Amino acid sequence: MNAGVGYAAIIGVFAVTALIGFYGLRISRTTEDFYVASRTVRPWWNASAIGGEYLSAASFLGVAGLILISGADALWFPIGYTAGYLMLLLFVAAPLRRSGAYTIPDFTEARLESPAARRITSLLVVLVGWLYIVPQLQGAALTIRIATGLPPWVGSVAVAVVVCITVVTGGMRSITFVQAFQFWLKLTAIAVPIVFVLIVMANSGLTVPAVAEPFAAEPVGSPTAGAYRNISLVIALLFGTLGLPHVLVRFYTNPDGPSARRTTLIVLGLLSVFYLFPTLYGVVGRAFMPDLATSGSPDALVLLLPGRLIPGLAGDALTALVIAGAFAAFLSTTSGLVVSVAGVISQDMLGGRVRGFRLAAVFSSLVPLGVALLTDTTQLAGSVGLVFAFTASTICPLLLLGIWWRGLTDAGAIAGMLAGAILCGGSIMLSRALGAEAGPMGDLLAQPAAWSVPAAFAVMIGVSLMTKNRRPAGITTIMTRLHAPERPVPAPNR
Amino acid sequence: MSREDAPGQPPKRVRVTAPRSQASRAPSGYPVAREVAEQSEVGQVFVRSLIRSQLRLAVVVAVGFLLVLLAFPLLLAWVPGLNRAEFLGVPFVWLLLGVGVYPLIGLSAWLYVRTASRNEARYLDLVEEDE
């Protein structure tokens, strides 16, 4: 690949992001703007921003790579990522907006009136955020190696440093505009090249090689996943989405409950359109680049396909576009996560000063960077899937029971979250340690969501029932606040 | 909002020192009368019934969606030949999972939003009658 194209694309994305951040900064300078953009963000803007933050390395690169490896089974990934927003809409969106809390720990404290439950939630949110940043940085490492030929660690370091600087200098005040822009950049960057490839295929007779079977049932690389894994994965993605800290924080930019719902509806539409394209890459990739599944890095499929099939200047331009889109994905997801993790750390551990926030931002970019440099991933979509399983086993039961069940107590919430964290985290680590030796238990350990999520719910409900006397005194007021609709128009005084 | 918007002058900058832990409520009117009505015994009955109907709605939509989703692989496994069926050269499985699921998600979401808003409108009517 032409290294100059790679450099141009990456520097271009960094520059445009900084420019919008700076330009937006001058528009938004009041206190209300600093907090959630005055809550005046239109649903379309807001939905684009949520999409921008949500579509990470796993969606942009990982899904197509996984389809290349395992075929139709991998289609469950984008389904889960999208349907997770359906669950968020059904169970969380409007009540969480009405709760008035900015972060999940805030929600916990408001609902359970317990500082201890708040601390445990904060800890989990920080952990989830860090675990989610790691694959983004690994995606950046992969992309920089392919795009420029530089050593992989340069990519991780570049993304971590750029995000750290923008967050620390306050460039994220105009985060809504940056994220919304990055959604449309990502959609363009993934859609335009594959459409070109399809047009070229149709016109100039780029025929599918005779040996290739793009829709073959059997996977090209790894063994087929099996029903348990697919079901467990879908459970993880469905219920993991509604606990993601960087996604939830965006719901406060909605003025009220109904507009939170409208925003989610638009997000569902945007994601549905986006995920058609990684699927196309996967299918075309299976026809023309099946070698990538076994020898190279399948996650690089999206980056390599346009250049391989369209020669010359046009191919270079399209390649630059996908590289730009990939970096937009790393930057937007990472900065969203760093902001929400740093917010939690600074508020709960450093006293909530701006200095503390900056310190926390540096800290929360460096820790995942260290992990990303020390570890290695072969599948971006897979490692992000495990983060979803962890969120689904810890934060999801807290939110669902907290919003819908009066009986949840602080003791129940703490016990349930800890149980979920230990079961899910422990089983993933055990599966990593055992590797192939796990035998028949291998699938259960590697993809634990199907049993660890129900277990966390059971513990949370069971302990809450045993500690009925610990129900918060103001539960009636809290439940009313969560569910009673706002008045559509201010009523005249009577 | 009482921001001075003198023409030609940007609004004053305010130093923000700590994130507030509680966002302000939506600016729409929330009269004391209604607050009281919701705290009363009758008001609580209304609130409880609102929560119950919203939860029932969410569960029905979620379970319905998941059942249809589950039906896809079962259909493919049990109907002979469907696995090999093609449409315009693309196997049925790929069309179903790669494209077909998304309209279903959108439809479920749209139905939910419509009904949830209707539940809330009905609740508001009840509470305001009671005030």
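Glycine residues also receive a Cβ, built from the backbone N, Cα and C atoms like all the rest.
TrEMBL entries are annotated by machine, without manual review.
TrEMBL annotations:
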TRANSMEM  A:6-25  transmembrane segment
TRANSMEM  A:45-69  transmembrane segment
TRANSMEM  A:116-133  transmembrane segment
TRANSMEM  A:153-171  transmembrane segment
TRANSMEM  A:183-211  transmembrane segment
TRANSMEM  A:231-253  transmembrane segment
TRANSMEM  A:265-284  transmembrane segment
TRANSMEM  A:317-345  transmembrane segment
TRANSMEM  A:357-374  transmembrane segment
TRANSMEM  A:380-404  transmembrane segment
TRANSMEM  A:411-429  transmembrane segment
TRANSMEM  A:449-467  transmembrane segment
Do at least three CB pairs under 8 A connect the transmembrane segment (A:153-171) and the transmembrane segment (A:411-429), leaving out pairs fewer than 6 apart in sequence?
no
Counting only residues 6+ away from its ends, which parts of the chain sit with a Cβ under 8 Å from the transmembrane segment (A:357-374)?
126, 129-131, 133-134, 137-138, 141, 153, 156-157, 160-161, 163-164, 167-168, 334, 337-339, 341-343, 345-346, 349-350
Could you tell me what the rest of the chain brings near the transmembrane segment (A:116-133), counting residues at least six beyond its ends with Cβ under 8 Å?
56, 103-106, 108-109, 243-246, 333-334, 337-338, 340-341, 344-345, 348, 364-365, 367-368, 371-372, 384, 386-387, 390-391, 394-395, 398, 410, 413-414, 417-418, 421
Non-local residues, at least 6 beyond the ends, that sit with Cβ under 8 Å of the transmembrane segment (A:153-171):
10, 14, 17-18, 21-22, 25, 136-138, 140-145, 327, 330-331, 334-335, 338-339, 342, 358, 361-362, 365-366, 368-369, 372-373
Top Cβ-contact partner of the transmembrane segment (A:449-467) among A:45-69, A:231-253, A:317-345, A:380-404 (pairs under 8 Å):
A:380-404
Apart from its near flanks, which chain residues at least 6 from the ends of the transmembrane segment (A:45-69) lie with a Cβ under 8 angstroms of it?
75, 77-78, 81, 132, 135-136, 138-140, 142-143, 175-184, 186, 190, 219-222, 244, 246-247, 250, 253-254, 263-264, 266-267, 270-271, 274-275, 278-279, 281-283, 285-286, 289-290, 292-293, 297-303, 325-326, 328-330, 332-333, 336, 379-385
I need to check the long-range neighbours of the transmembrane segment (A:380-404): which residues 6 or more away from its ends have a CB within less than 8 Å of a CB in the stretch?
56-58, 61-63, 65-66, 74, 77, 80, 84, 91-92, 95-96, 104, 107-108, 111-112, 121, 124-125, 127-128, 131-132, 134-135, 138-139, 142, 232-233, 235-244, 299, 412-413, 416-417, 420-421, 423-425, 428, 447-449, 452-453, 455-457, 460-461, 464, 482
